[in-house]
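Listed in Swiss-Prot:
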type: REPEAT; residues: 115-136; note: repeat 'LRR 2'
type: REPEAT; residues: 139-161; note: repeat 'LRR 3'
type: TRANSMEM; residues: 239-259; note: transmembrane segment
type: MOD_RES; residues: SER310; note: phosphoserine
type: BINDING; residues: LEU314, GLY315, LYS316, GLY317, PRO318, PHE319, GLY320, THR321, THR322, LYS336; note: ATP binding site
type: MOD_RES; residues: SER387; note: phosphoserine
type: MOD_RES; residues: THR408; note: phosphothreonine
type: MOD_RES; residues: THR478; note: phosphothreonine
type: MOD_RES; residues: THR549; note: phosphothreonine
Amino acid sequence: MKCQVVLILIVVIFNVCIEAETIKEDKHTLLQFVNNINHSHSLNWSPSLSICTKWTGVTCNSDHSSVDALHLAATGLRGDIELSIIARLSNLRFLILSSNNISGTFPTTLQALKNLTELKLDFNEFSGPLPSDLSSWERLQVLDLSNNRFNGSIPSSIGKLTLLHSLNLAYNKFSGEIPDLHIPGLKLLNLAHNNLTGTVPQSLQRFPLSAFVGNKVLAPVHSSLRKHTKHHNHVVLGIALSVCFAILALLAILLVIIIHNREEQRRSSKDKPSKRRKDSDPNVGEGDNKIVFFEGKNLVFDLEDLLRASAEVLGKGPFGTTYKVDLEDSATIVVKRIKEVSVPQREFEQQIENIGSIKHENVATLRGYFYSKDEKLVVYDYYEHGSLSTLLHGQKGLRDRKRLEWETRLNMVYGTARGVAHIHSQSGGKLVHGNIKSSNIFLNGKGYGCISGTGMATLMHSLPRHAVGYRAPEITDTRKGTQPSDVYSFGILIFEVLTGKSEVANLVRWVNSVVREEWTGEVFDEELLRCTQVEEEMVEMLQVGMVCTARLPEKRPNMIEVVRMVEEIRPEKLASGYRSEVSTGATTTPIGSLSGSPYIL
């Protein structure tokens, strides 16, 4: 028995000695690495400090026996760095070198890291082809090589990385055909903006077209269409018969409606010869003081009801004044009083009705409107949490100010991106928001961003000079905004969220100058710097903002691509979690409590 105890003690002591020796070797390896590279930021990698608790960007495993992760994103690394030294960290699982200026060919020596699960080399200056065989990374789950200058073909050996769930090779110079990658667990794929040709292989046709945009590849054919091709004639015949029956039924319904309407007009002309209904919708009131509602009979009221109600000025903007109105039935709404409408009544009403038809959880629902010669009003829900502008900049500098956490900022940016993407899909894919800014973003009932003010800019005179900080450089008239200019404005919004700066007029120039000097960390809001564990996510969001604010419109992604980029920052939460929490098309339910929030149109 005593011999067994002694033997166990010897084994334990032996293992402890081995572990101590491993972490000692890892420390020596990283000191050798940092002494052989060019970097503009000072790393506190000192031999006298604990590698596991004090070294910036270094994370050890649970028992501090070896280095588990290197997070060196945006640390000013530059030039052709010898990464073979890092390959000695045999237990390394995470290697993040994003947003530096590292050049040279793909570091093949990293293939010695058999335990690697995440490799991010995005936003660097790597060039040349990838190795033909990448199968040594059997445990790899995330591979991001986007925004470099890699060329050649995409290795088919990537298909052997069976645990891979995220692959991003976008914005490189890859050419040739897309390999057939049979990876069942692959959830995120981005091959956009390369020089790829041919067709999308069947194994990848489950991904959206945005994953392949910017290449010369044929769009994937939906599997259900391929399945039923041999029954084409039967399908066509069935459709033709269905259409004929539908047309006959529609004609019958129209005939009944026409006869019914004529009878109604006769009765109406007898009873009220001087009155005329504006619309057949039951929510549209008669007379000059009625507000037109798109839905919800419980909200029907007229101008006199508004004048009697208790109102509070929430904000004044270049388009008019916004009021919080408490109605007699305890309902609270937001009424925006619009000034300087530059279009005739018919065009105004047509645009407003288009906006009112939009139903999406990340787009503020337009409830109704009023138009007369002297007064133009629009009615929205009241969001008690307030606008993103208030949450970011309100009470700044005060001790009792509640900090806006990164989680909330990320959710608001993501929700807003989804909202703008949905807006861009309306009116045949031609609708433009035209006035994206932080005072038009609110928290919806699920705590995600919800955008208001859709399409209003096209109805007004051009914005004054002091209010055009979000405007894309190619836009000289805000009434003629485009979807790419919306993307630019969204990029400014991202910068505002990351920097916490309320003055956005020169924000793009300032952010680019700071990043160019390789001081990316200086960009971020001081309130965010306390959250060191999310610095990598903030850097990735910064990259999205920089792509969105490209000076040339054709260089900017569309909003569907932007949504995917933001999802990839935290895929397990955003890409899947949002859809499980929020059902598509659900209406917004205002939550929270924050008085005096500026709703500025």
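Backbone N, Cα and C define each Cβ position, glycine as well.
On the structure: features taken from Swiss-Prot.
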residue: LEU314; record: ATP binding site; DSSP class: strand
residue: GLY320; record: ATP binding site; DSSP class: strand
residue: SER387; record: phosphoserine; DSSP class: strand
residue: THR408; record: phosphothreonine; DSSP class: helix
residue: THR549; record: phosphothreonine; DSSP class: coil
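In this structure, the modified residues SER387, THR408, THR549 were compared by how many other Cβ atoms lie within 10 Å of their Cβ, and the smallest count belongs to THR408. Here the candidates are the binding-site residues LEU314, LYS316, GLY320, THR322. The one whose C-alpha lies nearest to that of THR408 (phosphothreonine) is LEU314. GLY320 (ATP binding site) sits 17 Å from SER387 (phosphoserine), taking the CA atoms of both as reference points. SER387 (phosphoserine) is 14 Å away from LYS316 (ATP binding site) when you measure Cα to Cα. For the repeat 'LRR 3' (139-161), the predicted model reports an average pLDDT of 94. Per Cα geometry, SER387 is the residue among the recorded positions LEU314, THR322, SER387 nearest to THR549 (phosphothreonine).
The 10 Å shell around the Cβ of LEU314 (ATP binding site) contains 23 further Cβ atoms across the protein chains shown.
When Cβ atoms from all protein chains are considered, those within 10 Å of THR322 (ATP binding site) total 25, not counting its own. On a Cα basis, LEU314 (ATP binding site) lies 11 Å away from SER387 (phosphoserine).
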